[in-house]
Structure formats: structure tokens, C-alpha cells
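I have placed the structure first, in the form of C-alpha cells, so that the comments after it can refer back to it.
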Amino acid sequence: SMASPALLMRVVASAYSVAEKAATIVRNVMSAGDLGIVEKAGPNDLQTKADRLVQMSICASLARKFPKVTIIGEEELPTDDVTEDLIEDGHCEEILKKPCPAQYTGIKEEELVIWVDPLDGTKEYTEGLLDHVTVLIGIAYGGKAIAGVINQPYYNYEAGANAVLGRTIWGVLGMGAFGFQLSEAPAGKHIVVTTRSHSSALVNECITALNPDHVIRVGGAGNKIIQLIEGKASAYVFASPGCKKWDTCAPEAILHAVGGKITDIRGNSFQYNKEVKHMNSAGVLATLRNYDYYASRIPNTVKESLVP
């Protein structure tokens, strides 16, 4: 008889379905028209009804199936008032059929940490820049991001009324990443993707030093990693402390699964064990290829002003 699928593959298969449910919630909140916007730390730090409902849905659904896994979400919310209609019990059969990479077959529930950003790109969501929005579920083991799910609820939203809306990208280290067409940025072109709503003198100084051919400013860490893996940008550079572990965990796993690299601006890798501080204080540098080219051009003045 077939051995039952390894825990990691069951978690990823469930996270896939949970992310699709999340996307439906995101779209339903938007189409109902009342976003229920709350300012957290200021006008660029917003929370909507979608952030709240999606986090409750993701965390409660995964906690019900995997009670010993640590789940850390962006929003501080009560966990007890989750209604049944927010629970997703399904999983993706296709993922369960794939063999788990050997190094992860023995993982126990209590060794996993799941980092959840229920709606990455909230500010863009409130402004109708819907293609910037992602739902991020990152899975960490031994402090490393090893698997991730990125859902784009509004992928294809400009393609007309009959287009299939939304897509789910997923990946596991040692296995690869799926749900998109891997593509590299044009050779010899330096296209930098960076923040849209969190710019600063330091952010701009760092980008200027890279002497890029082109700069793309978009919202959401998930969205920026997608720009890299689809060949629209060659580096994601953010010389600022704004980003958090739930922004980078899922994207990191997917980027690493296809041979890319992400670190802070100083070249340190991110740690995802449950005790770690949530803020990525020293910013983000990520590429699909040619990481060293960009890392070697980050000015020391920029590195010195960002403390990990």
C-alpha cells in the first residue's frame, strides 16, 4: 500500500486550498464595497475587513488540521470567534501525489512554523491596484523557509469578463515551484523593483547606486518576488526596515526553490523560527539570478544605516 503523504506535503496541500478560500474572501469583501479600513500605525499601515477575515480563515483552518504547528499572522486578532463559513477543510490532491523531498520526510508538526500575511499590499488593495495584492502562507522548519504558497486573488483581472480570476503559486525547496511560467529578466538589463508606498531617501540612494536601466515601483513583497520569477525585474531592493517575516517567508521559499536568493541589504539570510523578531530591520535584497552583482553594489553607507 502507498505510505500516507509526509506531513510537509499535507500542510502544503492544505495551505493551497486555504489560500484559494482566502482569495474568495478578498474578492467578496471588495465586491461588497465596505472595506472596513482601520489605520494601524499610520496612513501607510492599514488593515481592512479582508485582512481580518482572511487571517482568521487561514489560521483557524490550518490550526484545526495541524494543531501542534505554530502559526504566526500579521494581524493581532482574537482566535475564538471564527465562524464555520471561514473554515476551509480541503486540500490539493495534485500536491499530495508528489513525493516529499527526502530531507523533510521526518518533520513533526511541532517543528513547523507557518508565517501568514493575509493580504500583502493592503494599501494598494484600498486604492484599487488589485494586481499588487497577494495572500502569503510561508512554511518554515529549522528557522528556514522551506515551502510557500502565494495566491494572487486578482491575477488576470484586466483580461475581461470571461477570464479566470486569480492563481495560486506554490513551491517546496528541493522540489521546485509551480503555478507560473519561470522566466529570467532580459540579459544585461538591470531592472529594479522596489516599494511603491514606503519610499525614503535611503531607499532611493540605494537604488541610484545600482544605476538601474529601469525602476518598477509596486506594492507587496509577494508581488515583487513574482516580478523576479516571471522575468519582469532582475532585482528586488528595499533599503528600509518596513518588511516583516510574514512578508518574506512564502516568497523566499518559492524564490529559493527555483534557484534565486533573498537576504537583507547586508547579505544576512532571514531566520523564521518562532522566537525570532518579526521585523526584517535591515531591508531586502532579492534576485532570481546574479545576486552577487547587486550585493556588491550596495553602498556601505546604506548598509551601515540599516541595523539587522
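Each position is counted from 1, following the chain as shown.
Note that Cβ sites are derived from N, Cα and C of the backbone, with glycine treated the same way.
Quick look at what TrEMBL annotates:
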- Glu74, Asp117, Leu119, Asp120, Asp247: Mg(2+) binding site (BINDING)
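Cβ atoms within 8 Å of the centroid of the Cβ atoms of Glu74, Asp117, Leu119, Asp120, Asp247 (the Mg(2+) site) belong to the same-chain residues Asp51, Val116, Pro118, Gly121, Thr122, Thr134, Val135, Leu136, Gly220, Ala221, Gly222, Lys244, Trp246, site residues excluded. Between the binding-site residues Glu74, Asp117, Asp120, Asp117 has the most other Cβ atoms inside 10 Å of its own Cβ, all protein chains included. The Cβ of Asp247 has fewer other Cβ atoms within 10 Å than any other of the binding-site residues Leu119, Asp247.
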